[in-house]
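Data block below; observations after.
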Amino acid sequence: MIITACHLTRIRAPLITPFKTALRTVQQVDDIAVILDTDVGIQGYGSAPATAAITGDTHGSIVAAITEHLAPRLIGRSIACLHELLQANDAAIAHNNNAKAAIDMALHDLWATFLAQPLCVALGGQPSVLETNLTISLNAPDAMLADAAAAVARGFRALKIKLGGDPASDLARVRHLHAHLDGQVELRLDANQAWNARQTVQILRALEQDGIQPAWIEQPVPAADIAGLRHIREHVATPVMVDESVFDLRQLLRVLELQAADLVNLKLMKAGGIRNTLMLADLCRQFGVPCQIGCMLESALGVSAAAHVAAARRDVIRFIDLDAAALCLEPGIVLDTRFEHALIHVNHTPGLGVRELLEP
Ligand SMILES: C[C@H](N)C(=O)N[C@H](CCC(=O)O)C(=O)O
Ligand SMILES: [Mg+2]
C-alpha cells in the first residue's frame with residue numbers, strides 16, 4: 001500500500017463552555033486534520049490542535065511543517081515500512097511536535113488498517129473501555145462548583161480542577177469544591193505552571209491540614225523547574241504529576257533520575273505522536289512510575305488515537321485524562337470509538353475507525 005497524497009482540512013467542534021487554564025482560554029476545538037491517500041483507496045487520518053502556549057505550534061506552523069517538510073517525505077513510500085516512515089517524520093524538522101503527531105497518527109491509522117486490526121491491537125493491546133476524568137475550567141468558585149456538579153450528574157467520578165490564579169483564590173476554589181462534593185468525586189488538581197515551589201508547598205500543606213487530600217497536583221511550577229518539583233515532593237503528601245516538564249525521553253529521564261515526580265502525564269502532541277509516547281511510557285515502566293494519558297483541547301480523532309495508546313499499554317498508563325470529546329457539544333467527526341460521558345469505548349474496527357469528517 002503506497003502513500004500517494006496528503007490533504008489537509010479542519011475538524012471544528014463547539015464547546016459546552018469555554019476551556020480556561022492558567023495558560024490559555026479556548027472557545028472551540030479547531031484542529032488541522034491530515035488525510036493520507038493510498039494507491040488502494042484506503043485513507044489514514046490524523047489531527048492536531050494549535051497549542052502555541054504549550055508546544056509552540058500554531059495553525060499556520062502546523063500547515064507549513066506538514067506541507068513543506070513532513071508530507072513530501074511520505075509520498076511514494078509503502079506503509080509496510082512504518083518504522084522508517086515514523087523515523088523520517090521525526091527527523092524531518094526540529095520541534096513542530098503537533099504537526100509530527102498528526103502525521104504519525106495518520107501513519108499508524110493506515111498501518112493498522114493495512115493489518116485489518118484496531119490500532120490498539122496492532123500495538124499489542126486490546127480494545128478497552130476507558131474511564132476519563134472531566135476538566136473543570138478555571139473560574140470563580142461558584143462557577144466551578146456548578147460545572148463540577150454538572151459533571152458529577154453526567155457520571156464523572158474524577159474531576160481535573162484547573163487552578164493557577166493567585167494562591168489564596170486557588171485555596172478558596174478547592175475548599176469550596178471539597179465542601180460541596182466531598183465523597184462524590186475524586187479531585188485532581190492542575191495548576192499549569194502557575195505557582196512557584198514555595199507557594200505550592202503552602203497551598204498543599206494548607207489543604208492537607210484541612211483534611212483535603214487531592215489525588216495529585218499536576219505541573220504546579222514552570223516546566224523548567226525540576227528542582228522545584230523535587231522540593232515539593234519532599235515537603236507534601238500529595239503526589240506530584242509532571243506535564244509540561246516532559247515532552248521527550250531526555251527530559252523524562254532527568255525527571256525520573258532526580259525522582260522529581262510520582263506520576264507522568266503523556267500527550268501525543270507533546271511527544272510528537274504515538275511512537276514517541278509509547279517510548280516514554282516504556283521508560284516510565286522501567287522506573288516503576290505510573291502514567292496518565294492526557295490530551296490537549298483537541299478533536300475526538302486525537303483523543304481516540306490517545307485512547308488506543310492507553311489500551312495498548314494498560315500496565316503503565318493507569319490514569320486517563322481524555323476528556324476533550326466530552327467537553328464538546330458535537331464531535332465534528334464520525335468515529336467508531338464511542339464517547340459516552342466518562343466512558344470511552346475504543347473501536348473494534350480497523351485502525352482508528354474513522355467514518356467521516358464533517359464539514360468544518
Ligand atoms: C483537555 C485536558 N483535560 C487538559 O486539561 N489538558 C491540559 C492542556 C490542554 C490545552 O490547553 O489544550 C493540561 O493537562 O494541561
Ligand atoms: Mg496539565
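Positions of Cβ are set from backbone N, Cα and C atoms, glycine also.
Remember, TrEMBL labels are computer predictions, not curated facts.
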According to TrEMBL, which candidate in R12, R24, R230 joins T135, K160, C295, L297, D321, D323 at the substrate site = R24
Since TrEMBL lists D190, D243 for Mg(2+), which candidate among E131, E218, E298, E330 does it give for that site as well?
-> E218
K162, K267, L297: which of these recorded positions put a Cβ within less than 6 Å of any ligand 1 atom?
-> L297
For ligand 2, the binding-site residues of T135, K160, D190, E218, D321, D323 whose CB is under 6 Å from one of its atoms are D190, E218
Among R24, K267, the most crowded of the recorded positions [Cβ within 10 Å] | K267
Is D323 (substrate binding site) helix, strand or coil when read with DSSP?
-> coil
Which one of these binding-site residues, C295, L297, has the sparsest Cβ neighbourhood, judged by other Cβ atoms within 10 angstroms?
-> L297
Work out, from DSSP, the number of helix, strand and coil residues along the domain 'Mandelate racemase/muconate lactonizing enzyme C-terminal' (141-239).
-> 51 helix, 12 strand, 36 coil
